[in-house]
C-alpha cells in the first residue's frame with residue numbers, strides 16, 4: 001500500500017477519507033496515557049470495517065488455549081489484553097438520520113494526531129440524505145495528567161439547513177475481543193446507573209474478577225452557552241445511554257462535550273468504583289474540556305523536553321521518530337510496577353500478553369535515557385514481582401530449582417503455546433538478567449542489586465546451571481534444544497547467543513555476589529541464607545563458565561549461530577528472487593528452518609549486548625558474515641544491525657537499516673498495521689538514532705558518544721537524562737554540540753575525548 | 001485399569017456391566033466389514049457415557065484446521081473419518097418405560113465379540129421400575145459377504161409379567177463428530193421416506209457432496225411367528241422411525257429383526273441411492289437373519305483359514321493375537337483401492353485421516369502374507385492414485401519437482417498440522433517406496449514395477465534429490481531439518497534412518513530402471529519419456545548415493561540417530577524413576593526432545609527394513625545401544641524391537657516386547673482405548689509373531705523361516721499365503737512342522753536348510 005499520510009514534523013495527518021485505510025488509521029492514530037488507551041475509532045456510528053478497541057492497562061483475561069495438538073506443559077490459558085467498555089460513543093442523529101461516514105458523502109476529511117500536545121482531532125464535511133450538509137470537528141484525548149479521564153469535544157455545524165439534533169451519549173460494555181479463541185465474550189454485567197446528566201456502567205471479567213466502571217457526563221453548548229436540554233436515559237445489560245435533543249441552527253456550531261472517568265478495582269475498592277469514578281468525573285467536568293486540554297499540552301511539553309529527537313533536513317524521518325517516541329510515552333508511563341509494555345500497546349489486541357523479552361532487550365534503554373530512574377526501575381520491579389511465578393514455571397518444565405521467566409506474560413504466568421518458543425526460547429531469561437546490568441550500568445544505582453537484583457540473578461543462574469549438560473567425552477558444557485533470538489531456527493543445539501548470555505549471567509551474578517560481599521557483608525550473608533546458596537553451586541557456575549562450548553568457525557573467525565550452521569547452503573538474501581520475500585509468507589516453515597536465512601539479529605544481538613567484550617575486527621567479521629543472510633522479518637532486527645553498522649562505519653547500511661524501522665507503521669511496511677502498531681520495536685528505532693547514529697553507550701559511569709550523521713540529514717539532536725543531568729546532543733555534518741539543560745555537571749566521552757560538562761553549559765566539538 | 005475381559009480362545013467376553021468401562025468396550029467390541037463399521041453401542045436408549053459411532057469407509061469431511069499459531073504451508077483442512085447415520089437404533093419401551101441400562105438394574109450382563117463367526121452378542125437381565133424383569137439377547141453383525149448389509153436380532157423376554165412392548169426402530173442421520181474442530185455438524189439432510197415396514201434416510205456432507213442413504217426394515221416375531229403389527233412412522237430432519245406395538249407375554253421371547261442397507265454415492269449413482277439400498281435390503285430380508293449369519297460365519301471361516309495364528313499354552317496370548325487379526329480383517333478388505341487402513345479403523349474417530357506411513361511400514365506385511373495378491377496390491381494402487389496430489393504437495397512446500405506423500409491423508413491431500421511432522425517427517429516417502437519393494441519381493445509380481453511402481457519411485461527419488469543439500473567443504477550430501485520415525489526428536493539434521501531410506505530409494509529406483517531396461521526396453525523408453533527422466537538426474541542420484549553422509553560413531557560401531565546424538569546425556573530408561581513414565585504425560589516437550597529417550601524404533605527401523613544389508617554384529621551393537629533408551633511410547637515400536645530381538649537371540653527381550661503390543665487394547669495398556677483401538681499397530685503384533693518368533697522373511701523368491709518359541713508357550717502356528725501356496729507353520733519347543741494346505745509346491749528355507757515342500761505335503765524339522 002502506498003503511504004497515504006501527510007508528512008509533518010509534529011502531527012500525523014490523514015487527508016481524505018478512505019474506508020479501506022480506516023483500520024490502519026485506527027491503529028496509527030491511537031491515543032493512550034499508560035493507564036488506558038484506545039484505537040482511533042469514530043465517536044459516531046460507523047457501519048464500515050472497524051476494530052472498535054478500548055483497552056485498560058493491566059486488565060486482562062485468561063482465554064482458553066487453542067492448539068491443534070496439545071503438548072505437555074502448554075499453559076491452559078493465554079492472558080489477553082482486554083477490549084473494554086466503549087466510552088466514546090456518541091450516536092448522532094440529524095433530522096432522524098444516523099450520521100455514519102460509511103453512508104454519508106464525506107469531504108474535507110482530515111484526521112490528525114497532534115503529538116506535540118497529545119490529542120486526536122478529526123474534521124470533515126458530510127452530506128446527508130436530501131443534501132443536508134454538516135461540518136464536524138471532533139477532538140479527543142485521554143489525559144496523561146489525570147489518568148482516568150478521557151474527554152471529547154464534538155462540534156456539529158449544519159451548513160445549509162436548520163434541523164434537529166438527537167445525540168445519544170453512551171457507554172457500551174458489551175464488548176468482545178476480536179482475538180477471542182472461542183468467540184466468547186469476556187465481560188459480565190455488574191451494574192448500570194442513570195441520573196439526569198450522568199450514566200455509569202460497571203462490568204466485570206468472567207474470570208479473575210476485574211471490575212471496570214466507566215462514568216460519563218455529557219453537555220451540549222451553542223455559542224458558549226450551555227443548552228438546557230433534558231436527557232432521556234436508557235439502560236440495557238452492560239449498557240447505558242442518555243439521549244438529548246436540541247435544535248440545529250444553520251452555520252452555528254452545536255458542541256457536545258463528553259467526559260468519562262474510567263476506573264478499575266486494580267486501583268480502587270471494588271465496592272466503591274462508581275463513587276470513585278463519579279468523584280473523579282466531578283473534577284474533570286469542573287475544569288472543563290479546554291483546561292484539561294491545556295494541562296494535557298503542558299504535560300506533553302515536559303515529555304518532549306525529556307525525550308524529543310529532532311531531525312533537520314528530513315521531515316519524513318522527523319515525523320517517524322517522533323511518532324515512535326510518542327507511542328512509547330503513551331503506552332508506558334512507569335507509574336505502576338504491575339504494568340509493562342504490550343507488543344501493540346493500546347493500539348490493538350493481537351499477540352495478547354503484555355510482556356515479551358522486548359521490554360528488557362529493546363524498550364528499557366529508551367526509558368533509561370528519557371525518564372527518571374524510578375520509571376525503568378519499575379520495569380525491573382515488575383520482573384522481580386514475578387519471580388515466584390518464574391520459579392513455578394521452571395518447576396512445571398521439570399527443573400528442580402531456578403527460575404524461567406515466561407516468553408509472553410501478563411501476570412508472570414506463561415501464555416504462549418508453541419513448543420519451540422514457549423519451552424525453548426529461553427534466552428529471554430538472559431535478557432532479564434541483562435536488563436538488571438543495563439539499569440545499574442546506566443543509572444549507577446547499585447542499591448538495586450542488593451535490594452532486588454541479586455535474587456533474580458541467582459535464580460536465573462540456577463536455571464542455566466540445570467539447563468546445560470556436561471558432555472564428558474568433550475569436557476564441555478552444552479545447551480541442547482533451544483531456539484535463539486533468530487526464530488527461523490528451532491530446537492537447535494548450542495545457540496551461540498544463548499550459551500553466551502547464559503554464561504554471562506553466571507559471570508554477572510558472581511560479580512554481583514562479590515560486590516555485595518565487599519560492600520555489605522551483612523546483606524550478602526542475608527542473601528546467601530535466604531537463597532540457600534551453596535559454595536558448590538557457585539563453583540559449578542565457575543565450572544560452566546570455564547567449560548562452556550561456543551560453536552565457532554576459527555578459520556573464518558566467526559561465531560556460529562548454532563551447531564551445524566555451516567552445513568547449510570549459505571546464500572546472501574540478495575541472491576534470492578524477491579518473489580520469495582517475505583519468507584514467512586512464501587515459504588513453508590521447514591524450508592525457512594533449513595535455509596541459512598535469519599529472521600533477526602542473533603549472534604549480532606550478542607555482539608550488541610556484550611559489545612565491550614569483542615574487538616572491532618571480531619564484530620566486523622561476524623557482521624559481514626551474518627548481515628547478508630538476514631531478512632529482518634522481525635521488526636526488532638534492523639535496529640541492532642543499524643547500531644552495529646554505525647560502530648563499524650558502514651554508513652549506508654546503517655541508514656538503510658534505520659529506514660526499515662523508522663516508519664514501519666506509518667508506512668504500513670509489514671502490511672499488518674490494522675492489527676495495531678509495533679509498539680515495542682519503536683524503542684528499537686529510538687535506539688538506532690541514539691545508540692546508532694549518536695553512538696551512545698554508558699561505560700565506567702560515563703556517557704560515551706560517537707556520533708555520526710547520515711549524509712541525508714542536515715542535523716539531528718536527541719535528549720538524554722543521565723544521572724540527573726538532561727543533555728541535548730546536537731549533531732550536524734561538521735560538529736557535535738552538547739547542551740546541559742540542568743544544573744548537574746556530567747562526565748562525557750565524545751569520540752574518545754573525555755569532557756567535563758558543567759551545569760547549564762554547552763560544548764562543541766568537530767567530528 | 002485392571003483387565004476386565006474374560007480370557008477365551010475365540011471370543012472377547014465382558015461379564016457384568018460397568019458403565020465406567022462402557023466406552024472402552026464400545027471400542028473393543030466394534031464390528032466392521034471394510035465397507036462400514038461401528039462401535040459396540042447399544043441398540044436401545046442409553047443415557048450413560050457413550051461415544052455413538054458408525055462409520056462408512058471413504059466418507060470423510062474436510063474439517064477446518066485448528067491451530068494456535070498458523071505456519072505457512074499448513075493444510076486448510078483435516079480430512080476426518082465421518083460419524084454417520086446411526087442405523088442400529090431401537091428404542092424399547094415396555095409398559096411406557098424406556099429400557100435404558102443407565103437406569104435399570106442390570107444383571108447377568110454378558111457382551112461377547114465372537115471373532116470366529118464375526119458377530120457381536122449381548123445378553124442381560126434388566127429390572128425395570130415396579131420390579132418388572134426382562135431378559136434380552138441382542139445379536140448384531142455387519143456382513144462381510146454383502147458389505148452394505150447390517151442385521152440385528154433383538155430378543156426380549158419378560159420374566160415376571162405380561163405387558164406391552166413399544167419399539168421404535170429408527171435411522172438417525174443428525175450425527176456430530178466427537179472430534180469436530182469447531183463443534184459443527186457435517187451432515188445436511190437430503191430426504192427421508194417412510195412406508196409401512198421401511199424407512200429411509202439420505203443425508204449428504206456439507207462439503208464434498210458425499211451422499212449416504214440408509215434404508216431399514218424391521219420385523220417382530222414371537223414363537224417363530226411373524227407378528228402382524230402395523231408400524232406408525234415419524235419423520236424429522238435427517239431422521240425416520242417406525243414405532244410398533246406388541247403384547248409381551250411372560251417367559252416368551254419377542255424378537256425384533258432389524259435389517260439395514262447402507263449405501264453411498266461412492267459406489268452408486270447419487271440419484272439412485274434409495275432405490276439401490278432398498279433393492280439390497282430386499283435380498284437381505286428375503287434371506288433372513290439366520291441365513292445371513294450363517295453366510296457370515298462361513299466367510300469368516302475362510303478368513304481364519306488364511307490368517308489364523310494359534311498359540312497353545314497361553315490363552316491370553318491366543319486371544320490377543322486373534323483379536324488383532326480380527327480387527328485387521330474387519331477394517332480393510334482390500335476390495336476398493338480408494339480405501340486404506342485408518343489408525344482407529346471403525347472403532348473411533350481420533351486422529352482422523354485414513355492413511356499414515358503405518359500402512360506401508362506395518363500393515364502391508366500382514367495383507368501380503370494372508371491375502372491374495374490383489375489385496376496388498378490395492379494398498380499400493382491407493383498411493384499410485386495419489387501421486388498427483390503428492391506432486392502438488394511437494395510444490396506447495398517449494399519443491400520444483402518430485403512428490404512428497406502426505407503424513408496423514410484421506411484423499412491424497414495432507415491433513416496434519418504440526419510443522420515438525422507435516423513438513424519434516426518426510427521419511428514416510430521412503431516407506432512408500434519400500435512398500436513397493438516389499439510387495440514385489442513378497443509376491444514376485446514384477447509387472448507392478450513397469451505398470452505403476454516406477455512412476456512413484458522416480459517421483460519420490462526426485463524429491464530426495466531436491467531435499468538433500470551438498471556441503472562442499474565436506475564433499476557430502478546432507479539432509480537438514482527432518483523428524484525421523486522417533487518423534488521424540490524434531491527438526492534434526494541427518495537422521496540416519498531418513499538419509500538411508502532416501503539413498504535406498506534412489507538405489508532401488510535405479511535398480512528398477514535397469515530391470516525395465518533389460519526386460520522391456522520399450523516400456524523403459526516410454527517411462528523415460530513420460531517422466532522426462534534425464535541422464536543427469538540419474539547421475540545425480542548416483543552421486544547422492546555415493547556421497548550421502550551418515551552419522552555414525554565408528555568407535556562404538558553404531559549408527560547415530562542424528563547429528564549430535566552423542567552430545568546428549570545418555571541414560572538407559574531403567575535409570576529413570578518410573579514416576580516420569582510415560583514421558584509424554586510427564587515431561588514437557590523440550591525435555592523430551594533434549595533427552596536421549598526414544599519414542600519408537602528409528603535406527604532400528606532401518607535395520608529392520610534393510611535387514612539383509614547389515615551383519616548380525618552391526619545389528620547387535622545398534623540394538624544394544626538404542627534399545628535401553630527406548631520408551632516405546634508409540635504402539636508401533638515394540639514389534640520392531642521384538643523382531644530384531646528374535647534375530648539376535650534375545651529371547652526374553654523378544655517376548656517382553658511382544659507382550660507390550662499383543663493385548664494393547666484388550667488390556668487398555670495406554671489408557672486410551674475408549675477413543676478407539678490402535679488398529680494399525682495390531683499389524684505389528686502379527687509381525688512380531690510371524691517375522692519375529694517365526695523368523696519369516698522373503699529373499700530370492702524363497703520363504704525363509706527361523707522360528708523360535710517363547711518358553712512360556714507350548715506351541716504356536718501361523719498361516720502364510722506364499723505365491724499361491726497356503727502354508728501352516730507349526731512350532732513347538734522341539735520342532736517345526738510345515739504343512740502345505742494347497743496343491744502348490746513351495747521353496748522354503750528353515751534354519752538355513754533349503755526345503756522343497758510339495759503340495760499337500762508336510763515336513764517336520766527339529767530346532
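The chain as shown is numbered from 1 upward.
Placement of Cβ uses the backbone N, Cα and C atoms for every residue, glycine included.
Here is what TrEMBL says about this protein:
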- B:487: active site, proton donor (ACT_SITE)
- B:357, B:358, B:599, B:600: substrate binding site (BINDING)
- B:13-266: domain 'Glycoside hydrolase family 65 N-terminal' (DOMAIN)
- B:322-687: domain 'Glycoside hydrolase family 65 central catalytic' (DOMAIN)
- B:696-748: domain 'Glycoside hydrolase family 65 C-terminal' (DOMAIN)
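In the shown protein chains, 23 other C-beta atoms lie within 10 A of the C-beta of residue B:357 (substrate binding site). Taken residue by residue with DSSP, residue B:358 (substrate binding site) is part of a helix. Between the alpha carbons (Cα) of residue B:487 (active site, proton donor) and residue B:599 (substrate binding site) lies a span of roughly 6 Å.
Within its own chain, residue B:600 (substrate binding site) has B:485, B:486, B:487, B:630, B:632, B:633, B:634, B:636, B:637, B:640 as residues 6 or more apart in sequence whose C-beta sits under 8 angstroms from its own.
Taking the mean position of the Cβ atoms of B:357, B:358, B:599, B:600 as the substrate site, the remaining residues of that chain whose Cβ falls within 8 Å of it are B:356, B:361, B:485, B:487, B:634, B:636, B:637. In the predicted model, the domain 'Glycoside hydrolase family 65 N-terminal' (B:13-266) has a mean pLDDT of 96. By the criterion of other Cβ atoms within 10 Å of the residue's own Cβ, the least surrounded of the recorded positions B:358, B:487 is B:487. Per DSSP, the secondary structure of the domain 'Glycoside hydrolase family 65 C-terminal' (B:696-748) breaks down as 0 helix, 32 strand, 21 coil. Its own atom aside, the Cβ of residue B:599 (substrate binding site) has 22 Cβ atoms within 10 angstroms in the protein chains shown.
Pairwise Cα distances among B:357, B:358, B:599, B:600, which the record gives as the binders of substrate, peak at 16 Å. Residue B:487 (active site, proton donor) falls within neither a helix nor a strand when secondary structure is assigned with DSSP, and so counts as coil.
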